[in-house]
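Record features (TrEMBL):
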type: BINDING; residues: Y236, 249-253, 289-296, 387-389; note: FAD binding site
type: DOMAIN; residues: 2-136; note: domain 'Photolyase/cryptochrome alpha/beta'
type: SITE; residues: W321; note: site 'Electron transfer via tryptophanyl radical'
type: SITE; residues: W374; note: site 'Electron transfer via tryptophanyl radical'
type: SITE; residues: W397; note: site 'Electron transfer via tryptophanyl radical'
Amino acid sequence: MKRFIYWFRNDLRLHDNEGLLKATQKADEVLPVFVFDPRLFGKNSLGFRKTGVYRARFIIESVADLRASLRKAGSDLLVRVGEPERVLAELAQNYDVDELHLSKEIAQEETDVESSLSKRLKQLNVDMAFTWMSTLYHVRDLPFAINRLPDVFTDFRKVVEKNATVRPTVSTPEGVELPRADYEAGEIPTLEELGFAEEEIVDLDPKGVLDFQGGETAGLRRLHDYLWESDNIASYKETRNGMLGPDYSSKFSAWLSLGCLSPRRIYEEVKKYEAERTANDSTYWLIFELLWRDFFHFVMLRWGTRLFKPSGLKLEKDKRWRHDRDLFEKWKTGQTGVPFVDANMREIVATGFMSNRGRQNVASFLAHDLGLDWTWGAAWFESLLIDYDVCSNWGNWNYVAGVGNDPRQDRYFNQYSQATRYDAEGEYVKYWLPELGKVPADKIHRVWQLTPDEQQEHGVILGRDYPLPIVEADKWLKQK
Ligand SMILES: Cc1cc2nc3c(=O)[nH]c(=O)nc-3n(C[C@H](O)[C@H](O)[C@H](O)COP(=O)(O)OP(=O)(O)OC[C@H]3O[C@@H](n4cnc5c(N)ncnc54)[C@H](O)[C@@H]3O)c2cc1C
């Protein structure tokens, strides 16, 4: 009689879950477990939570959805709060488990937990079995050794597209046979139980792009809607740089990051859509973007902790980053006096989401215009983003801050030209900065130039209703 634990990590789904499938095929009984690790909800050295309330809620919803699906399948999900390495070793001992199965993670904190758990399990003679699951292309199918990962994304993409194939999704386990022994299923903790104070527990602003709901069920629904219901995927390439509303990009990221959606499932669904409806540049481009996601996962695998340090992948030691808390606070709260930056920063604070266009711009502004330590910005994103993914977040920040490995990339964004290009009518800025609601479109992205008379006329007094810029902003107009 073989009894295994299956530890769910960032793979909160039943579809295309190879690790779970293998465990159920090999064992007579499987104990599915999820552990809320309090260390992930605590505060960092900058004084804010590593996982803020929006993502915490999304995780809770995802776990609840997984539990409901497992219960429907005649099984259950054990839920615990504590340090996974301790909790799981204890469960393994109490239930006389033979093996513990789990997905492979690659970033420092996650692999530290793996090592610590492995030491404890060794003493109990319990084996650990890892499955690689988070990327579109399997790490073993890469046509190069990981220490030969190309520095430049395009080189990576070309060689992968030419020489590797995406493995097919695996089937959903038919049944997950629970141990016959008595067990305590455990309650899913509330936000309060995870340490959030009453005033921190705020709802997502309904003005957000989507009412993000955690879990595999909602993730699969979004996949279905974006492809089959709305056909939005067929115009993805033209709309992906938008910033308003649910349709401009897929919004799959939140479900991908917790593994509620499998990238291979998305891939197969897109292929099916191409066969049955349309195959065009847009359908290709969505897969192309999933390759960016893969790229940053492999960058993390190759470079590890370098991604979290100000010197970055490049080991850029000469650059001096500023550590000015006041400036940082202004950036965080959207009070820089640069409307395009402020609108984006207010959006992420209110909703836990920001478009890719916005992320690139506010990151460039923090690192290059303010000269602030970019790791602070990355930490703020980590706290707020519902779709936070350790590899994509820290990888993208490295590249925008100019400490990535790509010699060809100049990631300086001119805020004025970006704003006039991607928000020509100022609709986005007005949406998040209602105090600028009456400023005409041709002036809104250089609002700091309004004369006193114009300020009166357009109902905004600079320095009172809206801040004056904290950088010399006219430089962008001269560069244009
Ligand atoms: C500074 C910065 C920080 C970021 N932090 C994160 C993060 O924590 N988590 C995260 O998932 N993405 C992150 N991104 C990448 C990107 O902004 C988001 O993936 C995207 O905006 C999510 O929206 P979407 O799902 O509608 O994307 P779509 O445009 O619909 O793209 C489809 C999918 O492709 C992947 N993708 C697209 N662009 C990128 C990219 N540049 N890098 C990696 N994957 C990409 C995502 O999985 C996304 O869901 C960051 C980008 C920047 C510039």
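Every residue number used here counts from 1 along the chain in the order it is shown.
A Cβ is built for glycine as well, from the same backbone N, Cα and C atoms used for every other residue.
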What counts of helix, strand and coil residues does DSSP assign across the domain 'Photolyase/cryptochrome alpha/beta' (2-136)?
60 helix, 29 strand, 46 coil
To the nearest whole angstrom, what is the C-alpha distance linking Y236 (FAD binding site) and W321 (site 'Electron transfer via tryptophanyl radical')?
37
Recorded positions listed as Y236, F295, W321, W374, W397, least Cβ neighbours within 10 Å:
W321
Out of W292, Y388, which has the highest number of nearby Cβ atoms, where nearby means within 10 Å of its Cβ, if these are the binding-site residues?
Y388
When you rank W321, W374, W397 by Cα distance to E289 (FAD binding site), which of the recorded sites ends up on top as the closest?
W397
Listed recorded positions with Cβ under 6 Å from ligand 1, out of Y236, W292, F295, W321, W374
W292
Return the residue, from the listed binding-site residues K251, E289, with the maximum count of other C-beta atoms within 10 angstroms of its C-beta.
K251
Averaged over the domain 'Photolyase/cryptochrome alpha/beta' (2-136), what pLDDT does the predicted model reach?
96
To the nearest whole angstrom, what is the C-alpha distance linking W397 (site 'Electron transfer via tryptophanyl radical') and W321 (site 'Electron transfer via tryptophanyl radical')?
14
Between Y388 (FAD binding site) and W321 (site 'Electron transfer via tryptophanyl radical'), how far is it from one CA atom to the other, in Å?
24
Whole-number Å distance separating the Cα atoms of F295 (FAD binding site) and W321 (site 'Electron transfer via tryptophanyl radical') is 27
